[in-house]
Amino acid sequence: MLPSQAQGKMVVVAVVVMVTVPPPHFSTTLAQGVETALAPFIEAEQVMELVFPLGMTGGAVATSDRAEFHIGESTLFLQQPLSLCLWLKAAVSTATARIISYFYKDIVIFVSRSGAMISIRTESQLVDVHEESLTPRTWHQLCLLRSPDSQVHMLLNGRTHASVPYPANDSGVDYRQERNGKAIASLIRRAEDRSGKNFTNVPLIILGSLESEFESPIGRIADVRMYWKLLSTTETETLRMCSEKAPEGTKLEIQYTTEAVMLRKVPKQVMCSDFWIHVVTYTAYTKQGYTEALCTKLGGWLPAPQNFDDLINIADILPDYSGKPEMYFWLSNNTNKLALGMSEEWCCAQDLRHGGSLPMSVPCSSWARDFVCFISHGKSVHLLHSNEEIELFFGDVGENYLLVSDQGYSLTAENGSYVLRNLVGVRLGQREGQQITDIIGLRDWIITGGSRYSITLSTCHLDQFTCQNGDCLELERRCDKFPDCSDGSDEDNCHYLQPPPANYRSFLPPSTTTAVSLTVDITDIHDINMKESQLGISVTMELRWMDPRLTFTNMANKTRLDEALDQIWKPTVVFVGAKYEDNVNLYQGVNIMRFLFAESSTKGVPTVVNSSRALMQDGHQVRLILQLMLDLSVTCSYDLVLYPFDVQECGLNLALASELTGDTHWDSKDLHANHVLPQPALYGATIVKLEQLSKTEVVLRFLLERWYGSYMLTSYLPCLILLVIGTATQLYPVTAVSDRVMVTLSCLIVLASLLAQASATLPESASSKAIEVWFSYTIARMFLVSMVHTAVYRAESTVCDYTPEERTAKIQSPLMLKVVSARSVAPQRKPQKYPSKHDRAKRINHVGLTVGLALDLVFIASYFAYILTIRNRIFHA
């Protein structure tokens, strides 16, 4: 037991109760288990136990009575059998540690531990046990049986391992014997100097190390027994089972121990027990709910007595192991209040005064002075330091640490502070505090130089995140953009991209073959410059790839990584056919918007990053997404033959720039385009397809279909109406020549005005446009109507209804009076005349009308048939 040296009321005392209790899932209560476990402490045989501290030289010198040998003429001392047995429990898996050294006469036995291996060296034999795992924090029984022929058998947990002689061709035997002789002499001399006794001709046993803290067997050695005989299998088994029938050995006396070693008596039953509990207790004024929550956070439970016998048992245990004669602490809500006569509405506490035990019913909002928590043996606290996770276990009684790991990392309480050290004693961090709540969770510790560094002490599961206050949270909820910890610490320090490795080069592609996926979307068409054959568009692109060289954490959702834009490799895209300035801006990141995202395809593997748990994904599992938003001008060859029914085919060519090394190419199976395009004022835009031209170049082909509705209303319909009006003049009377001509000329004037107005807005092109052909035809058609009117006029003016004689007489006698009789006015038959002048004009007019209408039908049908044919060919190309 190691009480801290904290000042004031807050005193930290971490203690361990080595009692045999049922596993937590048994139906019997903890208190009943404690009651049952008291028997070994009271009634069982007591044996000596040596506790070797961490980071300090730990050793002891023991001697036995000299054996009385009857040495005949042919009998040598070396032929005397010997058995040595002990119990060993290591606290850490140190690299090298001495367990026991035995010297007497010419008999030399060294037993050492190196990691998980036990090694034995004698004057002529050796044993190395590689297959046995020397599990820390567990008692192991070790027996050495030396036969008269110097053969050594080691029994480790009941398994026998025989020694073998040193190799015959070993040239270093003499050297090692000389070195061992010097070492033995040095050990004996040191033992004599420190103990002040003479060990000549006395069987000498050195436990641990008297000279080096790095060779000390950190942990415990107990029940050391020596026999001047070879133990049988039955006898060694009785020792291993802690049986009362185990043979008594030669009496051993501890002559000397180093200052740091604790020597005490413990029940022999302890070594053969399978279950223990730790009792963590310190002074802290807390409420019941907070106390129970903290104990649960440590992985333990509050005492839960079910009857008065349980109270007495708890009262017997705690003062002895806490060093406090008086304690006042909370009991669990699972306490049998009815059996103890306590109120069901209040909380339970236990008051220990001078060995007495008094259960109390007190308000849950009141305070208890002492914190008492039972923790199962083997329950660990996880130390998360930098990128390491170290499992710390509660120390046992007499050890100079509160928590310790297999690798020798330890947590101690010193002068009101908690201190973390590694095996060699280097201080990793220090934090002021006197309660366990001051260090549980993600906390800032003071490291060398006075700077602060985050370190986590946690009892959470491996798949849980530890909040700053020690609460546990599922790792999937870490850095998910929503604070889930009560203190919000799960959203702090969310570094999704881990620093790239030292050999990472952002100008080199991830691998020899890097596939880049593409999604392109034209979000706006804002400038159609037919004069310069340019098309101004706004483009959004997504480039997707994977970089196996990178490592990511907590990629629960699609996550932005804009801060890493300049740290990692990105594919370089060139717009073929775009302006030079646009490509320069894209390369330099000027006048564009860039966003970097990452999206994981897997949940990830729990790991430790920056002293906290995280879900880690490697680069094979995370897709990087670079989103680009920019404006650019691309070349588009406009064909205005069908204007205003024209359909322009334009393309956006995207090429991957060649890399210094490797093959970077488009992923042909993951190329996508948005088929919904913006609709500019004069055109309707539709996607045709995204086509891959080569491994490194793709083209997005799309169509611009001009909206021709306004042209139909402002050009085609007026022309058609004028054409109908002009054609209708041919239905006027043939004698109304002046009306015909006037209307036709008016239509021609209006058509000329419309043509002039349309020509002012038409784009320039070398080829004729469909609308120009339409105007040309309507004007030509009006000209044809005017020609028909001229022919009708000529026919009307050159043809008469008189005979030649009448026309001559009419000319010669302009005025003649004739007297006629009544008979002369009687009805007479009209004389036969030549064809009328109107009939010829009508025939000319009819022929002109018929021909004109036929021309109209043929032209209009062929005109629109040609336009539709060309448009369909473009759409289906």
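Keep in mind that glycine also has a Cβ here, set from the backbone N, Cα and C atoms.
All annotation found in TrEMBL is predicted automatically rather than curated by experts.
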TrEMBL annotation, disulfide partner of Cys479 among Cys460, Cys467, Cys494: Cys494
Cysteine paired with Cys467, where TrEMBL records a disulfide bond, from Cys373, Cys460, Cys485: Cys485
TrEMBL annotation, disulfide partner among Cys373, Cys460 for Cys472: Cys460
For Cys485 (disulfide bond), the one of Cys460, Cys472, Cys479 that lies nearest, given that the disulfide-bonded residues are compared by Cα: Cys472
Non-local residues, at least 6 beyond the ends, that sit with Cβ under 8 Å of the transmembrane segment (707-729): 644-645, 681-684, 739-740, 743-744, 747-748, 750-751, 754, 758, 771, 774-775, 778, 781-782, 785, 789, 849, 852-853, 856
Close in space, distant in sequence - Cys472 (disulfide bond), Cβ under 8 Å, 6 or more apart: Lys297, Ser458, Thr459, Cys460, His461, Gln464, Phe465, Thr466
Neighbourhood of Cys494 (disulfide bond) by C-beta distance under 8 A, where only residues 6 or more apart in the same chain count: Arg478, Cys479, Asn554
Positions whose Cβ lies under 8 angstroms from the transmembrane segment (847-868), at least six residues beyond its ends: 642, 645, 723, 727, 730-731, 770, 773-774, 777, 781, 784-785, 787-788, 791-792
Tertiary contacts of the transmembrane segment (741-762) (same chain, 6+ residues out, Cβ under 8 Å): 643, 714-715, 718-719, 722-723, 725-726, 729, 732, 769, 771-772, 775, 778-779, 782-783, 785-786, 789, 793
Chain-internal residues near Cys467 (disulfide bond), provided their CB is under 8 angstroms and they sit 6+ positions away: Gly441, Leu442, Leu473, Cys485, Ser486, Asp487, Ser489, Asp490
